[in-house]
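Pulled the feature table from TrEMBL, pasting it below:
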DOMAIN    24-188  domain 'YidE/YbjL duplication'
DOMAIN    299-365  domain 'RCK C-terminal'
DOMAIN    379-549  domain 'YidE/YbjL duplication'
TRANSMEM  12-34  transmembrane segment
TRANSMEM  41-60  transmembrane segment
TRANSMEM  72-93  transmembrane segment
TRANSMEM  105-126  transmembrane segment
TRANSMEM  167-188  transmembrane segment
TRANSMEM  377-396  transmembrane segment
TRANSMEM  402-421  transmembrane segment
TRANSMEM  442-463  transmembrane segment
TRANSMEM  469-489  transmembrane segment
TRANSMEM  496-516  transmembrane segment
TRANSMEM  528-550  transmembrane segment
Amino acid sequence: MAATSTPAMDTLQTFLFAHPLALLTLVIALGYALGEIRLPGNFRFGMAAILFVGLAFGFWNPAFGHAIPELIQTLGLAIFVYCVGLEAGPGFFRSLGKSGLRVNLMVVLCISSGAGLIWLCMRSQLASKELLTGLLCGLMNNTPALAAATDSIRRISSDPELPNQIVVGYGIAYPFSLIALLIFYHLLCRRAFGPSAIAPPSSSHTDVADTLKVEQLPADKDHWLAEEITQKTGLLLSRVFHTDTNAEVVHPTTRIHQGARLVVIGNAEQLADGARLLGRFSGGTFETRQKGFTVHRYVLSNPKLAGRSLGEIADHLEKMDGVLTRVRRGDVELSVNRNIRLLPGDRVRIVAKQGQEGDIKKYIGDSLHALGSQGSLTFVLGIFLGLVFGAIPLALPGLSNPLKLGAAGGPLVIALLFGYLGRTGPLIWNIPFSNNLALRHLGIALFFAVVGCRAGGGLSAVFNLQGMMLVATAVSIVLLFHFMLWLLLRLSGERNLGAFLGFSAGMQTQPAALTFASHRIPGDAVPISYATVFPLALVLKIIIAQLLVLG
């Protein structure tokens with residue numbers, strides 16, 4: 001039944017039911033507005049607010065849940081998870097390497113423990129399997145896991161209420177678990193365990209530029225080769241001033257003599273190594289460093305360069321007397337090394353001799369118009385391949401039904417692979433960061449609006465019977481497995497609070513937690529730690545959510 005019977009409300013309900021696209025866009029618009037409201041602790045619900053608005057509309061009139069075609073939900077889901085996978089692909093495979101393996105194993109143990117507690121709740125019949133699966137997705141703040149679970153349950157059951165129960169469980173747990181986690185962070189920051197707990201990491205990963213005066217030479221010759229300095233220190237050499245009037249762009253074979261001044265780029269540790277090897281920092285004004293050179297930022301829009309390593313591009317720029325000194329992807333400044341692969345839309349900073357700007361711009365592309373049309377073919381093709389892969393049944397021991405990755409898992413797996421590969425021959429799988437973000441927001445907005453409207457009708461029954469108990473369960477579990485991570489890190493010798501908060505936010509796969517922690521801890525320990533565990537945590541939650549539904 002409708003929640004109100006005033007004539008104006010009845011007219012609005014009738015109009016929205018007859019025009020499902022108007023209903024869809026209204027839910028999304030109100031969700032965007034609600035998501036921008038800043039709550040205590042300087043965090044916002046962001047896109048998740050669309051789900052809450054959808055739940056409210058479904059609660060107001062359960063018929064709204066059947067007004068919007070389910071195909072829109074599936075389309076939004078596939079677009080969203082594919083975009084997430086493309087961005088997470090490179091980091092996912094890196095996180096499995098030696099440097100991140102130990103902490104990722106801790107994250108796997110903690111998430112699995114939380115899932116195990118939910119499984120025990122299922123065994124004790126605290127609530128339905130579907131409701132508790134949604135509760136797990138909500139307390140972990142993981143939308144792709146929610147999407148995978150609802151997709152899986154639709155494939156094995158024709159009961160429309162079962163997917164709705166998953167969404168209701170998610171909606172119950174999400175806000176309360178996030179608030180509880182942020183309070184936990186706040187208390188840790190207030191009562192940090194030891195004076196070193198809030199200290200910045202020992203070596204900053206933020207690159208800065210400075211000028212080194214060369215006062216020390218190798219024992220066996222009267223000069224350095226630029227590539228020798230880079231190999232020994234990791235510094236990127238931009239320009240060398242042999243005298244005040246004789247300067248050049250540095251290339252690997254450039255000879256550096258005593259008394260020369262080098263403009264170098266690197267993090268704090270690399271700069272310290274450079275000073276020990278070469279001499280001392282001489283400073284120098286920005287104008288002095290730029291004398292005889294041009295410095296420009298270009299947008300990488302040349303499709304031939306997308307997915308190529310920085311080293312390949314740097315070698316070609318050397319022929320034009322230019323050197324690439326910075327790479328910015330989205331809002332993140334990347335550490336420059338020859339092995340990183342450049343993606344469409346990356347903004348690169350290039351230093352060159354005056355007069356070379358035209359050739360360099362032509363080589364890099366620097367065209368927003370060209371960038372806007374890139375990746376359309378491979379994006380749609382990738383989603384198609386993901387949907388095909390997701391439809392393949394996978395028989396796993398212990399499961400009564402074959403596991404299908406579906407519209408959530410299939411595109412995600414394919415996107416992780418393509419995001420890691422970057423390109424296959426002429427096919428460029430990556431898309432510009434801004435395009436990825438816009439499409440991701442569109443996809444999750446469509447998904448949240450539809451599932452919210454469908455699930456809202458069952459919200460009151462759950463709250464009347466067991467809502468507070470479920471909230472308490474969600475809060476207890478989320479705090480327990482984050483405390484477990486804190487304890488494991490302490491036992492392994494990791495006592496930096498910034499590192500813990502980053503690992504914790506990454507395990508939660510929650511940008512709001514990352515933002516909250518980053519505002520309270522100096523340095524870059526938080527975002528670096530977040531990126532180390534986020535990809536694996538994301539994939540693991542998707543798998544666990546499906547296993548709980550299908551088991």
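Just so you know, glycine gets a Cβ as well, placed from its N, Cα and C.
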Sequence-remote contacts (6 or more beyond its ends) of the transmembrane segment (469-489), Cβ cut-off under 8 Å?
103, 106-107, 109-111, 113-114, 117-118, 121, 126-127, 131, 135-136, 138-140, 169, 172-173, 176-177, 180-181, 184, 188, 462, 495, 499-500, 503-504, 507-508
Mark yes when the transmembrane segment (72-93) and the transmembrane segment (528-550) have three or more Cβ pairs under 8 Å (sequence separation 6 or more) and no when they do not.
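Result for the transmembrane segment (528-550) with the transmembrane segment (72-93) is yes.
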For the transmembrane segment (105-126), find every same-chain residue at least 6 residues outside the stretch whose CB is under 8 Å from a CB in it, and list them.
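Contacts of the transmembrane segment (105-126) (Cβ under 8 Å, skipping residues fewer than 6 from its ends): 132-133, 135-136, 139-140, 466, 469, 473, 477-478, 480-482, 484-485, 488-489, 492, 503, 506-507, 533, 536-537, 540-541, 544, 548.
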May I ask whether the transmembrane segment (402-421) has at least three C-beta pairs under 8 Å with the transmembrane segment (41-60), counting pairs 6 or more apart in sequence?
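As far as Cβ distances go (cut-off 8 Å, pairs 6 or more apart), the transmembrane segment (41-60) and the transmembrane segment (402-421) do not touch.
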Given a Cβ distance threshold of under 8 angstroms, which distant residues of the chain, six or more beyond its ends, lie next to the transmembrane segment (12-34)?
2, 45, 47, 49-54, 57, 60-61, 63-64, 67-69, 72, 445-446, 448-450, 452-453
I need to check the long-range neighbours of the transmembrane segment (167-188): which residues 6 or more away from its ends have a CB within less than 8 Å of a CB in the stretch?
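Sequence-distant neighbours of the transmembrane segment (167-188): 41, 43, 45, 48, 51-52, 55, 127, 130-141, 146, 150, 451-452, 454-455, 458-459, 462-463, 467, 470-471, 474-475, 478-479, 482-483, 486, 497, 500-501, 504, 508, 510, 512-513, 516-517, 520.
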Can you give the mean pLDDT for the domain 'YidE/YbjL duplication' (24-188), rounded to a whole number?
85
As a quick check of your reading of DSSP, tell me how many residues in the domain 'RCK C-terminal' (299-365) are helical, how many are strand and how many are coil.
18 helix, 23 strand, 26 coil
